[in-house]
Amino acid sequence: MAITQLWAVDVYGRVYSLSTAGQCWERAGDMLLELKRVTAGKGRCWGIGCDHNVYLNIIPSETSIRYREETYENQRWNPVDGFTDTLLPTDRWPWSDVTGMNPQPLHSFQLPSRSWEWEGDWFVDQSCGGEPSQTGGWEYAVDFPANFSPDKKWNSCVRRRRWIRYRRYTAQGSWAKIPLNNPRKPPLPLCDISCGGWEMSDQSGRYPYLWGVSQQGQVWFREGIHPRVPEGVSWEEVEAPKEVAQLSAGPGDLLWTLLWDGNLLVRTGLSLDSPTGTSWMEVESPSKEVEVLHVAVGVSVVWVVTKDYKVWFRRGVNSHNPCGSGWISIGGEMMMVDVGLNDQVWAVGEDRGLYFRMGVTPSEPSGNGWIPVSAQWGNRKEVPHSRGDCEVRGQLTEASQASVLSCTDSDSESAPPELQSSTITIVPPVLQAQTPSVVPLGGADTPTHPQDADPSVSQRDAPRPFIPASDSFINSLVSDRDRGATPQPVIQDKPEEEFVEALSSPPILPTSADPVGQDVPWMNVDLEGMEAARSGQATASLLADSSTAATYSLGTLDSSQGVVEEDGPVWTWISGGGCEVDVSSQISWLSPAGPLTSSLSLTPVQSSSWREQQQQQEHREEISRKPLERSNSVWVRKGPLRWWRDWKPHRWVDVGVALEQSTRPDGRKDSIFFVYYTQYDEKRYLHMFINEVTGLVPVLRDCHYAFAVYTAERTRRRWPLVLAAPSEKDMEDWLCLLSECCCECRGIKGPPSRQALWSTTSKGDIMVHEPSFVLEASSHTVPCDHMFWRQIPGHLRCVESNSLGLVWGIGWDATAWVYSATHGEQQQGSMGNAFPMQQQTDVRSVHVYENQRWNPMTGYTDKGLPTDRPMWSDESGFKECTKGSTHPPSPQWTWVSEWAVDFSVPGGADNEGWQYAADFPTTFHGHKTMKDFVRRRRWTRSCRVTLRGPWQQVPPIRLSDVSLMPCLAQSEMDQVPVWALSDKGDVLCRLGVSPQSPAGSSWLHVGTDQPFKSISIGGANQVWAIAKDGAVFYRGSVSAQNPAGECWYHIPSPLRQTLRQLSVGRTSVFAVDENGNLWYRQGLTPSYPQGSAWELISNNVTKVSVGPLDQVWVIADTVPGFSGETPGAVCHRLGVGPMQPKGQAWDYGIGGGWEHISVRGNSTEAPRGPQPPLPLPPPAQVNGNAVCV
């Protein structure tokens, strides 16, 4: 079989080729060349550059490409001068082509491009009709255009002779730009091309055709492509009924195009006589819900990829029926496919790896499995086959090693040099199709230890570290327990072909069926040994420099991460049109086992575990639903969930989860949470240690019963593990189970302590953190991302507390609630702790905006400009939201009203609810002016949630804000001052509030001359408030004997700023304005409690809470570098003290939709003596740059 080449392009436009006789990818010699797409045929490859020009690469051969240019010299005889170039006016040109219709003087011939060169000068063809002539090449005739002959006769009045010059194509083996060369109609910049047609049904061995698609959706055909003219001559437009986005031409007479609307067009009538075809036929996409993303055709096959990256095969396609008869779903998730010679299929996976379809034959054109193209890259010894088998660098301190992801999808695949000495090579995976046939793997794995490495080998040539999946990974930790200080290598996926197909115990959660494709394996883990290894690593990290961080394989968070060339290409396109492969081909980089094979040595624990798994598999149907107890005190609970996949394209994936727990000899318990998933028919997993979980938070995701699992590292990377349960009960069961394990490993029991930090999410969930004595320490402060948050049953918009155990909250419907930890019947809360449960309801409104634009003909209409926001959208205008597609915040909510126009919008509205503006997205107002060309109105609908929680309602007044006076831990108060604002802006003071009566007895109205929107009481009965117009007031003479005070003192606001929320601590006041700026009030003294001036601290703050120790915590709108995260993140002000009340820097914690925080109950001060060192937080940002705009 002849040696052919496979072509591919990476995300940076670099072009690579892979020979069927080689083993390594070779990059194009032109380092400045950047192509977007390539299409290959026999002996050649075309490409579209990033400059929108078309390029051609001709494979070098023994025969050079030469083209003969010719022109004819014409003369006529006259009696005076004989034969001369002075012709009659009706004669042809003196220098012309063979027909005489076109002038062709010698100087008019130019090289078509820089890819050609002249072989010599012009010379006369001495032959006439193929026979040698003695007449100097002249041919004679009676007149033009009669027949010419070499014989001169008496009546020969005209003659001609042919001039010849050869030019040679010199760009073989390199990429050459194709010139336009004066086409009939210059094409617009092309966005796609496809080469085909060299095996027409009625004649084979023809030269190829080239098709193109312009950015305007026009179809173009390249004319004049010939073996002697490989570049072609000109472009011809082929009319199409709709705008085309992409096309594919097969080697025969098939041409399919993809339209912008996701449907497909088929060109019919293609033949040698009509290479551009005659008509179009439309074919529907495989799925009406999902549009087609890519189409590829062969001789008699058609493959497409839909936008959900599913692969489809079109059956019944042939020359007589180019449209086929139906679609067949094929396994695998691909970004694009390409059909090459012999109808072999190549693909770029959604993990940016290259794949080949095994088993494609004329009798089974759809094949039976995907295998990676496992060619080597450069001088590296590992195989950069699939992105699913590569890792991404992420900084992770040794103190936090949770959430280590086994498979990632990032634009960075490099491993840190310090970890490239410990390697376990992975056999390339085989991806099975949805057929009974299986492609065997074969081979085994051999570990390479650091002590065996050759020091002369550079780090660049060292293979990247891998760790086998599932029990291989756990036992490798066990086997390394004697080397506690050895850095843990990067974790990576491995096919689980050896694993038992099911977990040992049945699901603990009631489910109707197992997840799709999840026959999940599990194993018995020696957690004690593993914990010893991890403890050793943690100890080593504490002894090392605090700035040193280990690198671990984690899920991608941002596609902006770069890829260095040594890490191998990240593929975006492949073309196999010039690569000849069949079932009998023996190609090393297409071997299912790959070029690398190794073996794994089994530890005793692993061997016994595998034997135990085999026994459990034989009896798995007889296992009871109870957790499986074993001699080493390990039990496992499992169940089906859905996982929001960590890498792009993000989507919900059916997974199996398992919680494995072991008990140490001292009674302490260790737990690991596993998520088993399938990618390309491979079984893979990710895991996290329960003692490193920092939060279990219900989230809003596509109307699923979803929750997010946070760890310190995932908090820093702003990418939690998001899981969804099939029902609300399943979600509550899993949250209860995981929360119990998290609390148990931290020694947390019962209701929250008096010193707890309280917070609420934008979803309304109540979260609590139990602070340690070093949380507010001046040195060795606990990092914010290490804080563990647990959920308290209930649903509130905001919550406030103090150190006497009093907690008040306000629901979204303005109902006031008080925490009743000592009242009501005791029931088991949803988070696994005993709480006094009472029924609680909450109502909130959901909004959508109707947008319109004015035009002179019809007035305001829902026909906007192409650049306008959707005519039905959210408030920002970025997301389309119609009344029909908008659902309650989560499945727990139910509608209690119909859609209605909301007239109470900020800025006012007219009598129809419209707000007007000059354009989107400027500020809207409630009256129309001559310059207003757009308008909008808000539609609202109410929904209700009903649940049980440890909360007692405080009737009858609805509140908008509440504040409890903070106090120190040793304080004793008979009555606790509580100030609040009603939903109408009235100022209220609650009487009779005490730890024994947290709800108090009655409200005392405090007179004001305008409505207020924020209020806070601090130490020494300092009451500050903000009116709805932004004016700041201080309440004077407030005391225990005079709880309502006497009068209001006006405090000037910051210049040109309107404050919206404030918080008063023991001796400091902080406020947030409408622009998200955080202000500090200077000059507060006992004799002058109003202060002297405002000082700007930071920006991008939504809420602030100042505690009894004057500690400052805020809810930051966004986190620097993570603009895509849902707004709302917990943030701690570092360096706050008596000498530095404003603090010095910020520390970011958990985020992604947090609404409110209260630290007014935490009055625990750190001891004065020296403290043991704790893990240092990540580098903090200095004052003024704490939060991004």
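Yeah, the Cβs are placed from backbone N, Cα and C, and that goes for glycine too.
TrEMBL has this to say about the protein:
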type	residues	note
DOMAIN	64-125	domain 'Peroxin/Ferlin'
DOMAIN	137-170	domain 'Peroxin/Ferlin'
REGION	407-465	region 'Disordered'
COMPBIAS	600-616	compositional bias 'Low complexity'
REGION	600-624	region 'Disordered'
DOMAIN	635-745	domain 'PH'
DOMAIN	841-902	domain 'Peroxin/Ferlin'
DOMAIN	913-946	domain 'Peroxin/Ferlin'
REGION	1160-1182	region 'Disordered'
COMPBIAS	1169-1180	compositional bias 'Pro residues'
For the domain 'Peroxin/Ferlin' (913-946), report the average pLDDT of the model, please. 92
Helix, strand and coil residue totals from DSSP for the domain 'Peroxin/Ferlin' (137-170) stand at 0 helix, 16 strand, 18 coil
Outside the domain 'Peroxin/Ferlin' (913-946), at least 6 residues beyond either end, the same-chain residues with a Cβ under 8 Å of its Cβ set are 764, 795, 839-854, 860, 868-869, 876-877, 883, 886, 888-890, 892-903, 905, 907
Over the span of the domain 'Peroxin/Ferlin' (64-125), count residues by DSSP class, listing helix, strand and coil in order. 3 helix, 24 strand, 35 coil
